[in-house]
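The following features are taken from Swiss-Prot:
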type     : residues      : note
DISULFID : CYS122-CYS172 : disulfide bond
DISULFID : CYS216-CYS268 : disulfide bond
DISULFID : CYS321-CYS368 : disulfide bond
DISULFID : CYS410-CYS457 : disulfide bond
DISULFID : CYS502-CYS550 : disulfide bond
DISULFID : CYS592-CYS649 : disulfide bond
DOMAIN   : 195-281       : domain 'Ig-like C2-type 2'
DOMAIN   : 389-473       : domain 'Ig-like C2-type 4'
DOMAIN   : 775-872       : domain 'Fibronectin type-III 2'
DOMAIN   : 877-971       : domain 'Fibronectin type-III 3'
DOMAIN   : 976-1066      : domain 'Fibronectin type-III 4'
SIGNAL   : 1-23          : signal peptide
Amino acid sequence: MASCWRLILFLSVTRWLSDYSEALSGLSTSYAALLRIKKSSTSPFGSKSRPRFSSPSLGTISVSPPSWRGAAQQYHSPGNLYHSSDAFRQDESVDYGPVFVQEPDDVIFPTDSDEKKVALNCEVRGNPSPSYRWLRNGTEIALESDYRYSLIDGTFIISNPSELRDSGLYQCLATNSFGSILSREATLQFAYLGNFSGRTRSAVSVREGQGVVLMCSPPPHSPEIIYSWVFNEFPSFVAEDSRRFISQETGNLYISKVQTSDVGSYICLVKNAVTNARVLSPPTPLTLRNDGVMGEYEPKIEVHFPFTVTAAKGTTVKMECFALGNPVPTITWMKVNGYIPSKSRLRKSQAVLEIPNLQLDDAGIYECTAENSRGKNSFRGQLQIFTYPHWVQKLNDTQLDSGSPLQWECKATGKPRPTYRWLKNGAPLLPQSRVDTVNGILAIQSVNQSDAGMYQCLAENKYGAIYASAELKILASPPSFELNQVKKSIIVTKDRGVLIECEPQGSPKPAISWRKGDKAVRANKRIAILPDGSLRILNASKADEGKYICQGVNIFGSAEIIASLSVKEPTRIELTPKRTELTVGESIVLNCKAIHDASLDVTFYWTLKGQPIDFEKEGGHFENIRAQASSADLMIRNILLMHAGRYGCRVQTTADSVSDEAELLVRGPPGPPGVVIVEEITESTATLSWSPATDNHSPISSYNLQARSPFSLGWQTVKTVPEVITGDMESAMAVDLNPWVEYEFRVVATNPIGTGDPSIPSRMIRTNEAVPKTAPSNVSGRSGRRHELVIAWEPVSEEFQNGEGFGYIVAFRPNGTRGWKEKMVTSSEASKFIYRDESVPPLTPFEVKVGVYNNKGDGPFSQIVVICSAEGEPTAAPTDVTATSVSVSEIFVVWKHVKESLGRPQGFEISYWKDTEPEDSVETVRTRGNESFVMLTGLEGNTLYHLTVRAYNGAGYGPPSREASTTTKRHPPREPPGNLRWEQQGSQVSLGWEPVRPLANESEVMGYKVFYRQEGHSEGQVIETQKPQAVVPLPEAGVYIIEVRAYSEGGDGTASSQIRVPSYSGGKITSAQSTLHSLSKWSSVTLLLALMLPSSSW
C-alpha cells in the first residue's frame, strides 16, 4: 500500500516539475524537484463548491453547520393558549416575525482557490418578507463601504476575499415589522500554506546508539497541517516504528536510537489538511560522529501529551508519548484509578493512544511509561471531556393581552454549565424595572405594546453557543362578537336550566354585564353570571321569557349582542309494549308516542343496545313507520337472536330531548356448547364432557354427539351411552368407534324451537389398538405363469385395520386335502399373493382363504373359495402363415392355430421387420381372442418385410411360427393429372385431362378417380374410370368442387388442382368460356363504378 502511495505521489510531483525549475536552480536537482510539490498542490474544491465546517475542530470539512455554534432554532409547537404554530406561520394570510430557514455555516476559504468569491448563506421566512443585514465581529457591515460586498436575497457575497480584511465572525440579522433575529456566529477562515525558509539547515551529528530529534519548523499555515518525512530522495518516506516517530503535534522526527542505516538527508513534508497543498523543507543531514558508540541509558520522554487535554464528547482524541533511549524503549499506557476504554486503539508502535467517540466517563488521568533494561520514565496528564450546549427546554411564540404578565424559560445542558443571555430584536435585552432576567428565565410584570418583538435566548459555554427564538405579540382591541356569535333565539322547556353564552373577543379581556329589556340582570338563587360571562338560569318559567342583552366593555370600546329566550312546556314520551317475548322468525311493532308543545316539531330516533339503528344496513329486518306527526312505529320483521335487547326511542325538539326504553326477549335455538374435552379413550369408546350451551330463553331438551374421522364423509352422529343425552347433562360416552382411528368430536344442543350451531371441535384423538375384526373381501384367483397359484383379494381399509403392524395371512390347500399351508404378507396395502411350486400342474383347483393380523393378534379369515393354479404357456406354433401386400403401407397376415389341451391362448403376437434391418429392430402387434388375421399398417412402400406369429397367454409366449415374407406395393404416381378441362351441358360436366405417366419406382396407373362434392358439404362421391376422361352428373343446383387422382395397386396418387363448376341448366359452357364470362362480369362492374365516380377522383 505504501509503495502504491509513493508511486501516486511521485507521478503528481513530476507533473509540475517545470514550474519551479528557475526558482530552485541553486538547489540540487532532486531536492528542487521535491520542493515544487507546494506549488502543484491545489484545493480539492472546484469553483462550484466551498469547504464548510461541521465541528469546532478546524481540521475537518463538512457541508452541515455544527449544532453548538449558535445555530438559531425555532420551536413553534402548541404549548399554551397564546402560542402560534409553525403551520400557522406558513399561512401567507397571517403576519408573523422572522424565522430562520438556513443560518450561515463556518467557511474555510483556500487562498489559492480559482473562485475568488465567498458566499455566506442566510435564508429567513416571515410575513411581511424580512430584510437582511450582516455583522462582522459584532459590527454591522455597510455594504456601500466596500465595492467587494454584495447581498443577493439573504446571501452575503465577498469578492476577492482577503484574510487581513475579511476573516472573523459573521452574523445575519433579519428584520420585518415584528422585529429582528440574529443568527449564530459563522467563522470565515482562510486556508493557506507558506514556504519553508530557504536557508540551508545545519547537519546534525550524533554517535551511534544515541537518540536524536530532527526539527521540522513548519512555515506559516492555516488550519492544521499533516507531517511526514522523506529520507534521502523522494518518494522514500520514513517508516515509523518503535525506533522512529513523527509527532503530528510538533512535526519533529524522533529517532530513539540512531543506527548506521539512519545516516542520510531528511526532508520535512507538510500538507494542508484543507487545500492538500504540500511544501518541503530544506534537507537536514544526519551524520555519525567518530568518537565511538553511545552506551546504554534509561528512557527520556521527548514527546508527550499536554498536562491537560480537552476534547468534546463524541469526538476522537489522540495522545502522543515517545522516548529516546538505548535499548529502544517500550511504551505502555494506563489510566490511573480506572481502565483504559476497550474501544481505544494503540497506533504507531503504541506511541499514540487513540480514544474514539469520547464519553464523559472516559475522562481521567492517563499515564504513559517508557521502559528499557536501563530504567523507565513516566508522564501523567488529565483528559477532560466537555459538551456543547444542548437545549432541554425551548421557547414558544406567545401572544398576551396588554397588562398580562409574561414568564419565558429556556434550559440547556452542557459542560461547563451554560450561561444565558437574552436578546430583543437582535440586541442585548437590558434589565428594567418591569423586566427581569435570571439565568434562563425572562419575566415581565405587566406587558405593554412596547414589549412586542422578537426575543432570543442564548445559551453558551466556552465551547459554543445555541440560540432559541420566539415572537411576543401584545394584543390590544375593542370587544367584538364576530368570532363568538350568540344564538339570537333560544328555546328552553319549563323547569329546565338554560345557559346563554357571552364570550366577546377583546384585549384586555372585556368586562361583561347583562340586561333584560331595560333592566340590569341581578344574580339570585336561580340566575347567575358565570366567570366566562355566560348567563345561567335554573328552573326556567314563563316569567323568564324576553330579550337579554350582553355587553362587553374594555378601555378600547364596547359591544353588545341580543338573545331572545322562549319557555315551552316539556315533552313527554311513551314507548309500548315495555317487555315482550318472541320466538325467532316472528315479528313485532314498537309504538313510540310523544306529547309536546304544539309549536315545536318533533323528530324520532331509534336505538338498540344504546347504538343507533341503521335501517339501510339491517337486511330489511327494521322499518321506521311514521303514521302520525306525534308518534312513530318500529317494525321488526323475521326477528333474530341478535335483535334481543333494550330498544330506545328518543324524541328531539328544538327545546328538549326525552327518551324511553322497552325490552325485547327473543327465544331461539340454543347456542353452541362450550369446549368439548375428551376425558377417557378406549378401543371403541370416548368419554366426553362439555360446557352447557346458552338456551336462548328456551330450555335445552337434548344434546347430540357427532364425530369426524379421515374416513368419514363429514360429521356423523355417533351412538352414545346413555342413548338419549338430556339437556341437563354435560358428559356422555361415544361408543361403537373403530379402534386405532383419529376422531374429532363436537356437540350440538336442541330445544323445542330447534337445533343450534355445533360446538368447536375437540382436539384430534386416536382410539386404542385392538385385534382386527374385518376379513378381506372378494378373494379370487388371477392368471399367472405355469406352476403359479395367484391369490387376490380386496385390501382392508385403514379404517378397519385396528392397529399398527397390520398384514395378511394367506392360507391355501389343494382341493380335497386337509392341511392348510399359510403365508404371511406384511404389507397392509397388498392385494395378491403368488405361490410357485414346480410340482403343481396347470389348472389345479385349490381351496384358499385370507385372514388378517396386527400387533394385537390375529383376526378372522375370509370365506373359503376354490381357484385354479395358472395354466401353461402355449406349446404349439401357428401354421400356414400367409402375408399379402395390400397397398404401399399395408400387409394382410392370416394363420392357423393348432388347438391343444394345455396353454389356451389369450391372443397372438405378430413380429415384423424390414429385410434391410437387423432382427433386434423388430416391431410387434398383438391381437386378443381367437382372431387369426391382422392388418399391418404404417409400412414403407416397395419394401420387403419378414414376419412371424406366436400365441401368448398369462403364463407366457408360445413358439414362433415359420417366417413369412412379402413386399409392399410400389408408391402410387406422385404426378397429378394435368391440364384438367371441362365442358358443362345441362346437368352434366364432361372432364378431360392428360394421362399420368409413373416413374420407374412407382406403380403402374390402373385408372383414375374423380372426386366431386357440392360446395359447403363434407361428403362427396367418386367415379372411377380407366380413361383420362369422365362425365360427372350434377343433380342439384349449386357450385361443385371437382378433383382427379390416378390410382394404382399402391393406392391413390396426388390430386389435381380443384375446379369449381356451377350447375347450369341452359346452353353449353366450357372451362374457357367460364373464365371469359367471369372476366366479363368483373369488367362490367368496374366500368359501372368508373362512370359513377366524379372526375376529380380519377
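A Cβ is built for glycine as well, from the same backbone N, Cα and C atoms used for every other residue.
What you are looking at is a predicted structure, and each value in this text was computed from that prediction instead of being measured.
In the three-state DSSP assignment, the secondary structure recorded for CYS122 (disulfide bond) is coil. The number of other Cβ atoms within 10 Å of the Cβ belonging to CYS172 (disulfide bond), over all protein chains shown, comes to 27.
The Cβ of CYS122 (disulfide bond) has 25 neighbouring Cβ atoms from other residues within 10 Å, across all protein chains displayed.
Counting residue by residue with DSSP, the domain 'Ig-like C2-type 2' (195-281) contains 3 helix, 36 strand, 48 coil. Geometry remark: CYS268 (disulfide bond) versus CYS410 (disulfide bond), CA distance 52 Å.
Of CYS216, CYS368, CYS550, CYS649, all annotated as disulfide-bonded residues, the residue with the shortest Cα distance to CYS122 (disulfide bond) is CYS216. Look at CYS649 (disulfide bond): DSSP puts it in a strand. The helix, strand and coil residue counts that DSSP assigns across the domain 'Fibronectin type-III 2' (775-872) are 3 helix, 50 strand, 45 coil. Residues within less than 8 Å, Cβ to Cβ, of CYS410 (disulfide bond) and separated from it by at least 6 positions along the same chain comprise TRP391, GLN393, LYS394, LEU395, TYR420, GLY440, CYS457, ALA459, ALA468.
Under the three-state DSSP scheme, CYS457 (disulfide bond) falls in the strand class.
In this structure, the CA atom of CYS550 (disulfide bond) is 41 Å away from the CA atom of CYS592 (disulfide bond). Across the fold, the C-alpha of CYS592 (disulfide bond) and the C-alpha of CYS502 (disulfide bond) stand 38 Å from each other. Rounded to a whole value, the Cα-Cα separation of CYS368 (disulfide bond) and CYS172 (disulfide bond) is 47 Å. A 10 Å cutoff on Cβ-Cβ distances gives CYS321 (disulfide bond) a total of 25 other Cβ atoms nearby, all chains included.
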